[in-house]
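See below for the structure under consideration.
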Amino acid sequence: MPKATAAEEEEFRAEVEERLINEEYKIWKKNTPFLYDLVITHALEWPSLTVQWLPDRAEPAGKDHSVQKMVLGTHTSDNEPNYLMLAQVQLPLDDAEADARHYDDDHAEIGGFGAASGKVQIVQQINHDGEVNRARYMPQNSFIIATKTVSAEVYVFDYSKHPSKPPLDGACNPDLRLKGHNSEGYGLSWSIFKEGHLLSGSDDAQICLWDIKANSKNKTLDALQIFKYHDGVVEDVAWHLRHEYLFGSVGDDHNLLIWDLRSPVSTKPVQSVAAHQGEVNCLAFNPFNEWVVATGSTDKTVKLFDLRKIDTSLHTFDCHKEEVFQVGWSPKNETILASCCLGRRLMVWDLSRIDQEQTPEDAEDGPPELLFIHGGHTSKISDFSWNPCEDWVIASVAEDNILQIWQMAENIYHDEDDVPTDDPAKAP
C-alpha cells in the first residue's frame, strides 16, 4: 500500500477533527435545554472579529421582548467590501413565555418567544477600509465608535451621521482618522472618566493616546502622547475603571505594565511584571475591586494580579487547552470572569469558589472556580461581550460567521446555598 503523502495526512487529520467538532456540537445542542436559559444563534454574512453590546435598552409597548443594539464588524474575502455594523437584538422579557426546554432546531435557539425569525437584524452598515479588527463605543456617547483597522490608522465614526445603507461607491468616510501608529493591532480602550480619551496598542510596540475632542485638521488627528516601552507587539490596552490616570498594557514580551499619566516620567510604566511564560494577549481590570486585574496568554492560562503586590499572581486558571485571546469581567457580579481561547471554548469563572472542597467526580470536570463552559461554537471565538443590561447574558462571535447570544441556566450560578429563605431558623 503506497505511503500517504504529507498533504494527504494533513487532509485526513482535518477531516477527523471536523468530524469530532461536529459530534461535540451535536452533543452540545442536545444538552442546551438543561444548560441554558437562552440561546440565540445567528449566522452573519461574514465573520466578525469584534462584538460589543451598546448600553441602551428599550421595551417596546405591548411586546414580550426588549430591544438592544450591538456593534459588529466584517472580515470579508475576495475583495468584498467591509463594514462597521450595528445590529438590533430582541431579548425575551423575564415574564415572557420562554421555555428553555423547547429547542427550535430550524432556528437553533432556546428560550424562544414570539416569532422565531428576526431576533437579530443588521440595521446599519458603514463602509470600512479592510476588516474591522476591533470596535468599541465611547462610554460618554455611544454613537461614537472607534475601530482598529488593517492599516496603522484608528478610525472614529459617529454612526448617527451615517446612512443605514452604505454608499455604493464603497468609500470609507470616518469622522476622524487617528495617526501615530506604524502598523495594525487590536488594543483599544476609551476612558470612562475623560470623554474622548482613547488608548490604542499595536504591532509596532507602541501605545498611542488621543483626545478626540481636540481640534483636528482635515479630519485627522495626531496622538497626544506615544508610549514605547514594550519589547514587541502591544496586544491589548485598558484604562483603569476607578483611577482616571491609570492604564494597563500587555504584549508579546510576556509583560503586564501599569502606567500613570501623573508620573514625572510618563514614558515609563510605574509597575512592570513578567506576567506569563508566553505572549500576553489581553487584560481586564475588575469593575468593582480597584486592585484586581486579569490577564490571558498564549501559555493557555488566565492569571489574576493584585496591583498592590504585582510581582506574584494571586491565582492561575489553567483549564484552557489553547491560547487565551480575550478576558472580560461581568459588569454585574464582582467575582465572575469569562475568558475564551483558540480552542472554541468560552469559560466562565467564579472567584468566590476558588479552593472550595470538591467531590472526586466534580474535580474531574475542572477546578471548583470553573463555573461554566460554553461549547456552542465550532470554530475559534474572536471576541465576546457581557450584556450591560441583562444579567448573565453574553454575546460571542466566531470565525465561522456565527454570532451567539446566550445565558447559562440560573441553577448553575445559584447554588442551593444562595437561595434566599424566609425561615429565620435556616438563615445563616
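Every residue, even glycine, has its Cβ placed from backbone N, Cα and C.
Remark: secondary structure over the repeat 'WD 1' (127-167) totals 3 helix, 20 strand, 18 coil, with classes taken from DSSP. The repeat 'WD 1' annotation in Swiss-Prot covers 127-167.
The feature repeat 'WD 2' is assigned by Swiss-Prot to 180-220. Residues in the repeat 'WD 2' (180-220) partition by DSSP class (helix H, G, I; strand E, B; coil) as 0 helix, 16 strand, 25 coil.
Tertiary proximity for the repeat 'WD 3' (229-269) is limited to same-chain residues at least six positions away from its ends with a CB under 8 Å from its CB atoms, namely 185-194, 197, 199-203, 205-207, 275-287, 290, 293, 295, 297, 305, 307, 310. What Swiss-Prot records for 229-269 is repeat 'WD 3'.
What Swiss-Prot lists as repeat 'WD 4' is 275-315. Same-chain residues lying 6+ beyond the ends of the repeat 'WD 4' (275-315) with a Cβ under 8 Å from its Cβ atoms: 232-233, 235-236, 238-243, 248-252, 254-256, 258, 321-329, 331, 334, 337, 339, 341, 349, 351, 354.
The repeat 'WD 5' annotation in Swiss-Prot covers 319-359. Below 8 angstroms of C-beta separation, residues 21, 278, 281-289, 294-302, 304, 366-375, 377-386, 388, 391-392, 394, 396, 398, 408, 413 of the same chain, each at least six residues beyond the ends of the repeat 'WD 5' (319-359), sit close to that stretch.
What Swiss-Prot records for 376-416 is repeat 'WD 6'. Residues 21-22, 25, 28, 32, 34-53, 55, 57, 66, 68, 70, 72, 87, 89, 91, 100, 111, 119-120, 134, 325-326, 328-333, 336, 338, 340-346, 348, 350 of the same chain lie 6 or more positions beyond the ends of the repeat 'WD 6' (376-416) yet place their CB under 8 Å from a CB of it.
Assigned with DSSP, the residues of the repeat 'WD 4' (275-315) fall into helix, strand and coil as follows: 3 helix, 18 strand, 20 coil.
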